[in-house]
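Positions annotated as active site, schiff-base intermediate with substrate by TrEMBL: Lys195, Lys248. Here TrEMBL flags Cys120, Cys122, Cys130 as Zn(2+) binding site. Per TrEMBL, the feature Mg(2+) binding site maps to Glu233. Feature annotation from TrEMBL assigns 5-aminolevulinate 2 binding site to Ser274, Tyr313.
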Amino acid sequence: MLFPEYRPRRLREKESFRRMIRETALSVDDFILPLFAVEGKGIKKPIEPLPGQFHLSCDNLVKVVKEAADLNIPAVMLFGLPGKKDPLGTQAYAADGIVQKAIKTVKDALPDMTVLTDVCLCQYTDHGHCGMVDKGTVDNDATLDLLARTALSHVKAGADMVAPSDMMDGRIAEIRGTLDDEGYSHIPIMSYAVKYASSFYGPFRSAADSTPQFGDRRSYQMDPANALEAVREATMDVEEGADIIMVKPALPYLDILARLKQEIDLPLAAYNVSGEYAMIKAAEMMGWVDGIKVIMETLLSIKRAGADTILTYAAMEAARELDK
Ligand code: PBG
């Protein structure tokens, strides 16, 4: 008998064999495309640290969402850049706020597109924190009502699902309660349950103009060193009524995703965040990596680790690649 007896290379010999035993396959169904809405008309302004992404006024937003729909992408996640900010982030829950207008415009034009919304205050507060600030700290309990109002205003504007990203304790229960009381018990919540205080959000913060004006987000976002805490955070949000649990960022936290896949029996989302996307784009622009191949491998790895759905700025190019 030849040594070794088992030869893994036998099943790598032909593409047909490789296809037969492939364990994970990406599909366009896996993608959610994040988009940035701005006030105004005729605006499609490139976001420098996120090549291929734009600030879009509602008229152009619809065109981009149409492109995503034509590629069969099932859902978009909307972020808004308000015209004005204040300490309480009132534009976050204004009926005529930018996201509320964007939701309505998209749903009117493309009712079959699923619209998710990021529920947070940081783009809307003048201090750039995700909640109400009192004596230099973010006041958890005072923020909950503002978050619930924000979520409700999104749903009233037509959002199909809300995704709170603020990391206040107890916000899932608060939002669930408000939506239920107001007759929206059918609207699911995707909780940014396991959101780390990550430097990979850098390009997003310049895109969304949401860098904190003092301090940082470490008093509410998770310490990157912690894994057990991720299980506790996710379990809490399951108990509070979340429908989907998110891990964010994705690539530096694949161990967390794989672990939650074992421990949590709800669908898992992963956010392939701005810094992850920007790194690939930068290396691609330098001619150092084959961009689309690295993107596909990255998205595959996120799915293999346990994600049932992936938020990614590369959704459109990945969908095109899968279509080839
Ligand atoms: C809002 C929010 C952030 C991101 C999504 N929602 C920024 C942050 O928490 O600082 C980051 C997304 C990305 O980096 O792509 N709280």
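Cβ atoms here come from the backbone N, Cα and C positions, even for glycine.
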From the recorded positions Glu233, Lys248, Tyr313, pick the residue whose C-alpha lies nearest to the C-alpha of Cys122 (Zn(2+) binding site).
Lys248
Long-range Cβ environment of Tyr313 (5-aminolevulinate 2 binding site), under 8 Å and at least 6 residues apart:
Leu33, Pro34, Leu50, Gly52, Gln53, Asn272, Ser274, Tyr277
List nothing but the one residue from Cys120, Cys122, Cys130 whose Cβ has the fewest other Cβ atoms within 10 Å; the candidates are the binding-site residues.
Cys122
Do you know which of the recorded positions Cys120, Cys122, Lys248 end up with C-beta under 6 Å from ligand 1?
Cys120, Cys122
Just the number: how many Å between the Cα atoms of Cys120 (Zn(2+) binding site) and the residue listed as 'Mg(2+) binding site'?
18
Residue among recorded positions Cys130, Glu233, Lys248 with Cα closest to the Cα of Lys195 (active site, schiff-base intermediate with substrate):
Lys248
Determine which residues of this chain, when Cys120, Cys122, Cys130 are set aside, have a Cβ within 8 Å of the centroid of the Zn(2+) site's Cβ atoms, and list them as they appear in the sequence.
Leu121, Gln123, Tyr124, Thr125, His129, Gly131, Ser165, Asp166, Ser210
Return the residues near Lys248 (active site, schiff-base intermediate with substrate), defined as same-chain residues 6+ apart in sequence whose C-beta is under 8 angstroms from its C-beta, sorted by sequence, else 'none'.
Ser165, Tyr192, Val194, Lys195, Tyr196, Ser198, Ala270, Tyr271, Val273
Take the C-alpha atoms of Cys130 (Zn(2+) binding site) and Glu233 (Mg(2+) binding site) and report the distance between them in angstrom, rounded.
18
Neighbourhood of Glu233 (Mg(2+) binding site) by C-beta distance under 8 A, where only residues 6 or more apart in the same chain count:
Ala193, Val194, Met222
